[in-house]
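Annotated in TrEMBL:
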- A:13-31: transmembrane segment (TRANSMEM)
- A:43-63: transmembrane segment (TRANSMEM)
- A:75-101: transmembrane segment (TRANSMEM)
- A:108-127: transmembrane segment (TRANSMEM)
- A:133-154: transmembrane segment (TRANSMEM)
Amino acid sequence: MHIMEGFLPPIHAAAWTAVAVPFLVVGARRVVTLTREQPQTRLLLASAGAFAFVLSALKIPSVTGSCSHPTGTGLGAILFGPSVMAVLGAIVLLFQALLLAHGGLTTLGANIVAMAVVGPWVAYGVFRLTRSLGGALTIAVFLAAMLGDLATYLMTSIQLALAFPDPTSGILGALTKFGGVFALTQIPLAVIEGLLTVIVVNLLTQYSRDDLDALAFAHGGAK
Amino acid sequence: MTRTNLLLLAAVLALTILPLLLPVTGGLDEPFAGADGQAEAAILAGHPAYEPWFAPLWEPPSGEIESLLFALQAALGAGLLGYYLGLRRGQGTGRTAGGRPDRTTDVRD
């Protein structure tokens, strides 16, 4: 889902950066409050970031014959609420932009909006909705992580379609084109991300009950 | 729980390996290319005049270095996650062992 360095026109790059900044500020504040008020959850917060670190490093083959990677941002979003993921996701994206030439500094804002804002908020919304409808915890976790992952790639496709509308079929035509590249490839990977997130939540419920209780997880997740 | 997780892990492996076994790349120039690169190609196909206006400050000098850094990224993440789960598991074991309060206090060491 990384939009490559320099591949958004300056106005688009600036606009997406402007969208990302408030989410980063709110997210940073939330991280500070969380570590001050619930210091025992700090290590779990770092682990949620670590999960995103691993998953976004894994390029996985898809049935479309291309490769892409999961994002790993759904886990932290359902544990801590979506706002902290803006910060954790931004760290991952910055690492990849600076050291791997994946994504870039000019496209960092757009990539943060897709992977660290839209994905986590969709994951969080799906989780809360599924739980409030009486869905089992594992089902809610699976759907949240899977749909959050897909939402990220859909957002990237929208960003590219807005910047590069098709000469004949316009923005919608371009959305079909970029969606074909990103969203289709991503479907099996989103399922993988859903399954892996369920595994981690299973391990957390088994070994880390105290931390989950501190976050009031499973009663509906973080506020 | 462990059984469920192993089954889930098997499903993850199956989903990963399946595309490698299916003839999905027939006719593709570059099998299993990165989607990011394909999107870049799609942009340039529709807008051949577009010039990227900024270049990465640094690029891994070779594919080897790139895979080194990707492996480092995965190792850092997996290492921390494994440390956390192992720590909490150990703390739980120390607590339920009972009658050995000394163990629960120094389990962090």
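Even glycines carry a Cβ here, placed using N, Cα and C.
For the transmembrane segment (A:43-63), the partner stretch with the highest count of Cβ pairs under 8 angstroms, out of A:13-31, A:75-101, A:108-127, A:133-154, is A:75-101. For the transmembrane segment (A:13-31), the list of distant contacts is 45, 80-81, 83-87, 90, 106-110, 112-113, 116-117, 159: same-chain residues at least six beyond its ends, Cβ to Cβ under 8 Å. Here the transmembrane segment (A:133-154) has long-range neighbours at 1, 68, 70-71, 73-75, 77-78, 114-115, 118-120, 122-124, 126-127, 179, 182-183, 185-187, 189-191, 193-198, 201-202, 205, 218, meaning same-chain residues at least 6 beyond its ends whose C-beta is under 8 angstroms from one of its own.
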